[in-house]
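Quick look at what Swiss-Prot lists:
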type	residues	note
BINDING	19-26, 83-87, 137-140	GTP binding site
DOMAIN	10-286	domain 'tr-type G'
Amino acid sequence: MAQEVLTDLNKVRNIGIMAHIDAGKTTTTERILFYTGVNYKIGETHDGASTTDWMEQEKERGITITSAAVTCFWNNNQINIIDTPGHVDFTVEVERSLRVLDGAVAVFDGKEGVEPQSEQVWRQAAKYDVPRICFVNKMDKMGADFYFTVQTIIDRLGAKPLVLQLPIGAEDDFDGVVDLVEMKAVTWRGTVAIGAEPTIEEIPADLADKAAEYREKLLETVAESDEKLMEKYFAGEELSVEEIKGAIRKMTVNSELYPVLCGSAFKNKGVQPMLDAVIDYLPNPLDIGEVQGHALGNEEEVLTRKPSKEEPFSALAFKIASHPFFGKLTFVRVYSGRIDPGAQVMNATKGKKERIGKLFQMHANKENPVDEAVAGHIYAMIGLKDTTTGDTLCAQDAPIVLESMSFPDPVIQVSIEPKTKSDQEKLGTAIQKLAEEDPTFSVELDEETGQTVIGGMGELHLDILVDRMRREFKVEANVGKPQVAYRETITKKVEKHDYTHKKQTGGSGQFAKVIIALEPFVGEDGASYEFENKVSGGRIPREYIPSVDAGAQDAMQYGVLAGYPLVNLKLSLLDGAYHDVDSSEMAFKVAGSQALKEAARKAGPVILEPLMAVEVTTPEEYMGDVIGDLNSRRGQIQAMEERSGARVVKALVPLSEMFGYIGDLRSKTQGRANFSMVFDSYAEVPANVSKEIIAKATGE
C-alpha cells in the first residue's frame, strides 16, 4: 500500500506541528501517530515515553529538541510529519524544518492562547510562507476558553482565523465539537479510550444559535472567495460540502486565512477531525509547485524544478543526526526527480560528489528502508560524507543550487576543558559530530588559554550540548561559566588608509602595498562584511586581490578593542603597488590584514552586545518589582499588556544582565512569574560598560 500512495503526490502532505513549549504539541503528534496506525502503545510526554522525543535529554526534560521526521498514513493519504521544538533555544530546528514543509498545524493552549514562542514560530512560518491550520488544544483544561484563544490569534498574530468548529462544553465537560462545514456534532463523551471513534449527533440545542452565527460567517467568507459561489450564496442556494471545502482549501493554501479546530489530544478528543483537516486543507507538493534555485557558479541565472519524477533529481539537506548503528543520517526533502540507493549525486553547494548508501523513511527513531527516493517526499540518507544542513544535492548532469538557510550566530559561550587525555580525544569527535548536526553550535580555540570555547543560542541549548557530550560520547569535562558573545564594529568612515608590508631576509623579500577605505555596512540579507575591488590599471595583479580580502577577513576574527570579532564593515581596495620578485599572495594577505586593523582603529571602534527580547508574565501585584528589576539590568521597557488575568512586560535587555534571572524572578514573585527570552539584535555597549569589558579582556 505504501508504495502505491507514494507516487500520487495529491495524496502526500509534508507538515510540521508547531507550538509553544507546553501547548501539547508532542502529545498531539503522538495521537496522530496512534490514530494513523504507527504506534501501538501511546507515549505520554509526562512519562518520558513519547515517540518523537527520542533523545535521552528530551525524555528527561519533557521537551522536544530534535525534529524527528515521521511518516504515517490516514485514509489512503501519506503524511510526513516533522516534529519541531517549541523551546526558544531551538529556533534553528524550527527554521530548518519550516524550510522544507508544505504546511503546518499550529497548536495553541486553549487557556493561554497565543504565547510568546507561538508568536515567534508563527513569524518564522510566515517568512517561509507556510500555510497553516490551527488546533486549539487542552480544551479539557481548567480555564480553557476557545473564543479567547481565537481572539488572541487576531490580536497577537495579526492573522485571520476561520473558525470551522465550536467546542461542546469546556474543562471537564468538554465532550466534542460542532462541525460548521457539515453542521453536525462530533462527540467523545466521558472517558475516551485511545483510538475510539466519535459519535455523530445533532447539534445541542444550547449551541444552535451560536452554531448558526458562526456558520453564517463561514459561508460569507467562502462566498467572497469565489464569484460563482457568491452568486449561488446570494441567490439563497445551499453550498455543497465539497464547494465549501474547496474554497477553504484554496484560501488556506494561499495563506489568506487559517482554519481553526479544537480538541484535547491528551483526552483523545478532536484528533481525527484534525487529521481530516490536514488532508482537506493543507497543500500537497503539487500545490506548492516548482522550486527555484540558481545555476552552479552563477547566482543570476534562475533555474526551476517541478515536483515530478521525470525532472532531474534535486533535494535539500535540512538536518543531520547521529544514529547509534548507521552513524551520520542526513534528512533530505526531495523536490524533483528520483534517486536509487548506491547512486552518485552532486553536492552543488560544496561542489563535491557524494554517494548515497541507503535510503529510509523514518518513524521517529525507527527506520523503514525504501528502494527509491522520489519528488515530494522526506527521507533519511546514509553514506553522505560532506553534506551539511542547507546543502543542495542534485543530478550530476543537471546541477542546481537551491536557496539555502541562514542561521543566527551564537550569542552565548562556555569554555570546556576535558578532564583527561582520553577525554580530549573524545571531545574532538563529539564536537565534530555536534557541529555537523547543529549549525548554531560554534567551536573555537582560545589561543591565550588553550581552552575550547563552544557557543550556542541560550543556556538550555549549551546545557543540552554538554549533556550530549557526556552521554553519547562519554566525555568528562569541566565547564566554565557562560560568557557573552560580544562583537566589535566601526562607527566612522575612513576614506583612505595605506599600508606597506616590506620584509628583507636575504634572497627574495616580501613586498605588498595596499590603499583601502573602510566604512560601516550591513547587507540586505544581513551580511556583515563586503569587499569591493576598485583597483584599476593592473596596479595590483588580479591574482593577489583575493589575498587582500582573505587577510582582511582573518583580521576581522579578532577586533582592535578587546579581541572580539569585527562585524558590519565594508572594505574597498582603492590602489596599491607590487614588486615583480618580492610580491606574493602571502605578502598581500599580510598587507590586507594589517591595513584593516590599522584602519579599524581610526574608524571609531565600539563594542556590541546581544540584546534579548524578554517577555515576563507576572501577577499584577509584582508588576512594580519586575519593572524595577528589568530597569536595573539596563532593560528598555517596550510594552505592557494584560493577558489571561496577568500582566505581561516586554523589554529589551542585554544578555550579560540576564544570567541567573530565573532565580531572581522566582524569589521576587514567589515563583508565580515566568519569562521567555529570545535573541533580538546587537547594540552598542554604553561607555562605562565598554571600559569594563575591555579591561577584563586585555587584563588591564
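Using the three backbone atoms N, Cα and C, a Cβ is placed for every residue, glycine included.
DSSP assigns Ala19 (GTP binding site) to a strand. Of all Cβ atoms in the shown protein chains, 28 besides its own fall within 10 Å of the Cβ of Ala19 (GTP binding site). Sequence-distant contacts of Met139 (GTP binding site), defined by Cβ-Cβ distance under 8 angstroms and a gap of at least six in the same chain, are Gly110, Phe146, Pro167, Ala170, Phe174, Cys262, Gly263, Ser264, Lys269, Gly270. Met139 (GTP binding site) carries neither a helix nor a strand DSSP state and counts as coil. In the predicted model, the domain 'tr-type G' (10-286) has a mean pLDDT of 82.
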